[in-house]
Amino acid sequence: MTKTVTNPPSTSHRHSAVLFFHHFFFFFFIRTPKLKSLTTKPHLLLLLLLCHSFIGSSNALIRTQKKKKQKKKKMGEIPSTGALVPAVKPEPSPESAAVEPSLPPEPQFQTTVDEDVIMEDADKDMLCPICMQIIKDAFLTACGHSFCYMCIVTHLHNKSNCPCCSHYLTVSHMFPNFLLDKILQFLKKNSSSQMANTASPFQNLRQALEQGHDMSIKELDGLLSLLSEKKRKMEQEEAETNMQLILSFLHCLKRQKLEELNEIQSDLQYIKEDINSVERHKIELYRGKERFLVRTRILVNDPLATNSWPSSIDEHGSAIINGAHSVPVVQMGSGNSQSQKPDVMPQTKFQGLQRKDAYSGLDLQSVTPSAMVVARKRQIYSQFNELQKCYLRKRRYWNRQSHKWEERDRNTVSREGYNLGLEDFQSVLSTFTRYSRLRVLAELRHGDLFQSPNIVSSIEFDRDDELFATAGVSRRIKVFEFSSVVNEPEDVHCPIVEMPTRSKLSCLSWNKNMKNHIASSDYEGIVTVWDITTCQSVMEYEEHEKRAWSVDFSHTEPSMLVSGSDDCKVKIWCTKQEASVLTIDMKANICSVQYNPGSSIYVAVGSADHHTHYYDLRNISQPLHTFSGTSKAVSYVKFLSNYELASASTDSTLRLWDVKENLPLGTYRGHTNEKNFVGLSVNSEYIACGSETNEVYVYHKAISKPMARYKIDSSELNENEDGSGSYFISAVSWKRDSPTMLAANSQGTLKVLVLAA
């Protein structure tokens with residue numbers, strides 16, 4: 001037999017019990033006069049709450065069973081399914097349930113606030129299922145649901161069923177729910193008292209005034225006086241706070257300006273000391289030159305010079321010391337007219353001899369400054385702010401060092417007469433103003449006659465700077481003799497060695513000890529060591545899974561080399577074995593690698609993660625230093641010395657780092673580099689790089705702005721070639737300890753450039 005699921009006996013019995021329980025309490029407690037007075041007592045109210053909670057739970061159980069019946073009608077038997085991950089329901093935000101602290105002027109808004117407070121803790125059975133608000137004038141239906149009277153009456157005008165369970169329903173099947181109304185009134189009173197206890201005195205006062213409480217004029221006067229006194233105190237406290245704030249600001253500003261003043265005074269003292277040192281040194285140079293000139297006159301047998309030699313030196317030296325700020329070319333005597341008369345003739349002949357020596361190139365101070373001096377002064381003025389920063393930076397640095405090595409600095413100053421900071425800056429000023437432009441020494445075309453232009457990806461000089469090799473997308477390594485390229489006509493530049501490769505090449509590196517070995521990395525991830533004498537590969541390493549961008553031989557260990565690839569791996573190789581010696585796994589593509597020139601255990605890595613990493617190969621679990629500051633990928637890393645590392649990034653900046661102290665030393669801007677490999681090369685003083693504007697830029701390592709640049713104009717390209725504006729410099733390389741460099745662009749043009757004044 002099958003069970004009837006449409007009307008289970010348990011449901012109907014429970015429904016009848018609920019109605020009986022409700023009406024029993026209603027008629028027994030409310031309609032009975034003696035017991036009606038007990039409804040205000042707390043124990044009766046608790047009993048009423050228990051009653052209503054029982055009713056609510058019963059109603060909920062009834063609704064649950066009805067829903068099950070409806071599902072079974074539609075689906076028959078409910079199939080069993082696997083366990084589902086429960087979804088986390090969002091909790092109501094505290095802002096939605098917060099009560100507005102201030103009381104509005106309209107009194108009926110207080111009721112709304114009370115209702116909001118009640119709704120926070122109300123059971124769902126206390127909410128009208130139609131309007132979803134606290135039930136007003138509650139009416140109970142025959143099916144056990146409570147509604148607002150107006151809500152259910154309005155609903156029954158349109159439909160004759162219960163909004164909750166859809167049972168047939170008319171107005172005659174509804175009864176007033178006095179019990180629920182009393183419970184809601186009790187909750188409203190409690191919420192009002194709670195708000196009164198938690199409200200501020202101002203809110204209580206405002207509420208009392210708005211509700212029309214009587215107050216005498218005397219009480220109002222006292223209240224006004226209290227309020228005015230409170231206002232005066234608050235204004236005074238606010239004024240004191242403002243004064244304290246501005247006083248704190250002024251003290252901070254004063255302290256900052258005093259620090260700046262002390263720094264300026266210290267800088268001014270440095271400048272005065274250095275001016276005196278330079279002038280003393282200048283006097284010594286002038287005395288030495290004068291002795292040399294007098295000695296030259298003695299060699300030509302001039303007796304007048306022999307007689308005037310001691311006196312002229314002494315008198316001229318004293319004159320220079322007396323007027324140190326204006327050093328004359330020749331000044332005899334110390335100011336006495338009688339002492340000047342005997343020296344008139346020697347002075348005239350000495351000046352004539354000095355003019356004679358000036359024509360022969362011996363005079364160091366001519367009347368008209370040379371064009372070179374004018375050009376160097378012009379360069380100083382054009383970069384005066386940068387030079388000023390450099391001078392003060394070096395002067396302050398060496399002043400701090402003097403406190404650490406006070407004895408050594410004192411000995412140095414007394415021996416040379418120069419502060420170490422001034423000596424350091426003099427070296428910078430000399431090397432910076434020595435050159436101001438780049439000029440072309442020679443040019444050669446890297447592309448073949450019947451082939452399209454070739455991007456030169458790498459240029460490298462050999463150990464002795466006699467040969468240089470080029471490589472790129474042409475799949476060929478070409479080795480040229482530098483002297484023949486510079487000295488021979490442009491049409492006869494042919495490589496002395498040419499080696500074909502299987503793939504496009506990205507980088508070259510000469511062995512620093514074995515002149516005939518050169519390493520290459522290509523687009524297939526293969527690292528190859530070549531012997532240029534036999535034009536054959538010595539070793540091939542194929543462990544990289546993607547394109548290898550960079551390779552470098554160790555300076556101190558000729559058999560060791562390092563490579564970096566798009567597979568996010570740095571690999572250390574040895575020419576004595578086929579497998580890699582060491583692998584460093586990183587999280588981003590590797591763009592450039594280089595050994596420290598002073599050690600084979602330190603490697604610098606430029607990565608696409610916008611950082612430059614410096615590794616100690618004895619512990620590769622994490623980098624020794626990580627240099628950050630660039631906003632894009634680091635495309636090149638090059639060492640200027642054992643402690644100075646330069647990096648290039650596609651954010652159009654170059655940066656200099658101190659790998660010993662883990663400090664930034666400088667940032668260089670001026671070129672354009674946003675997406676291409678444009679080359680980077682360094683020597684002890686200068687940094688050269690390419691630009692996507694088809695220009696070569698040269699920076700002095702102490703100055704952040706370019707000191708020289710050269711543009712390969714489109715007029716220099718073949719007239720039948722289109723898109724000349726899209727060419728860019730693709731590789732640069734300094735000739736070691738020389739102002740000469742090589743630069744190639746994406747068209748395949750290679751130029752030999754030299755720094756010039």
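Positions of Cβ are set from backbone N, Cα and C atoms, glycine also.
According to TrEMBL, the features are:
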COILED    217-244  coiled coil
DOMAIN    128-166  domain 'RING-type'
REGION    83-105  region 'Disordered'
REPEAT    541-583  repeat 'WD'
REPEAT    627-667  repeat 'WD'
TRANSMEM  12-30  transmembrane segment
TRANSMEM  42-62  transmembrane segment
Residues sitting near the repeat 'WD' (541-583): Cβ under 8 Å, six or more positions beyond its termini, same chain?
506-514, 517, 519-529, 589-600, 603, 605-606, 615, 617, 620
Please spell out the DSSP helix, strand and coil residue counts for the domain 'RING-type' (128-166).
10 helix, 9 strand, 20 coil
Which residue counts does DSSP give the repeat 'WD' (627-667) for helix, strand and coil?
0 helix, 24 strand, 17 coil
Three-state composition of the repeat 'WD' (541-583), taking helix and strand from DSSP:
0 helix, 21 strand, 22 coil
